[in-house]
Amino acid sequence: MASKEETPPIIIKKNRGHHSGHHGGSWKIAYADFVTAMMAFFLLMWLLASLNKAQKEGLAEYFKQPLKISLISGDSMGSRELTVQGGGDNLKKKDGQVSGDNQPAKEGQQSTAGNLQQNEMKQLQELKSNIMLSIDNDPSLAELKDRMLMDVTSEGLRIQLIDNDDKPMFGLGSDEIDPAMAQILAKITVLLNEVPNKVTIQGHTDAHPYHNPEDLEQTNWELSTQRANTARRALLKAGLKEDKVMRVTGYASTVLLDKKNPLNPKNRRISIIVMKKNASAKLLEND
């Protein structure tokens, strides 16, 4: 009997691809993050574009000042001392004054002092920005942009009003103040009253001899001091609190703005320094 050849079975395998990755949602999350980041970036650029020059300079000055942050941690397990009940007397425990270290308290005081200094610096920067904004917004003070210098020194915010031959701040060789200068000081007075800091006023002249060089009774020393005192009276007349003025001094031509040209009219100026509190304290101690 003839044997029938058995036909082997045919197995067909169909690879069913998983296309779920094409329809997954992970790419949507990444795209949403990208869109959010771009929106935040363009919002930041729009805000920066809306700031004027004074606001930008104030913002830049603020970020130039380093932030002093002190982190005070709690007691660690390794520094704790355990007292065993029923043991002997604690030899380290004393009545009255304690000689143990109080490091967290010291760090807390340093942190508080650092925060106060940071806040004071912020106030001075805001005052500087407000003065610049007032100049930008007041057409009558437009020419003051080229005649005012402001910088933060170790003593505080220094505001320097510079003289020129076209529109002098005082009469030639006198302490008679120009009405335009008095108006400028009145504008500054309003802003000075917004901060609690004390102020000092300094007068400076150029190196031109005062009339008769042999006359020792009236020299650039007297002239610079008299002009500084005239500026003080103008500030008080405009409403400055009298107790804010700490000192009025004249430096003649000893502190030149243009050292290469002692005769430059820019050397004739009035400096108003909004004092830092620690600088005010040192000034009182020296007196």
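From the backbone N, Cα and C atoms, a Cβ is placed for every residue, glycine too.
If you look up TrEMBL, you'll see 13-22 marked as compositional bias 'Basic residues'. According to TrEMBL, the feature domain 'OmpA-like' maps to 157-278. Annotated region 'Disordered' per TrEMBL: 1-23, 82-115, in sequence order. Residues or ranges marked as transmembrane segment in TrEMBL: 29-49.
For the domain 'OmpA-like' (157-278), the model's pLDDT averages out at 91. When Cβ-Cβ distances below 8 Å are used as the criterion, the transmembrane segment (29-49) is approached by residues 56 of the same chain, each at least six residues removed from its ends.
Taken residue by residue, the domain 'OmpA-like' (157-278) breaks down under DSSP into 40 helix, 27 strand, 55 coil.
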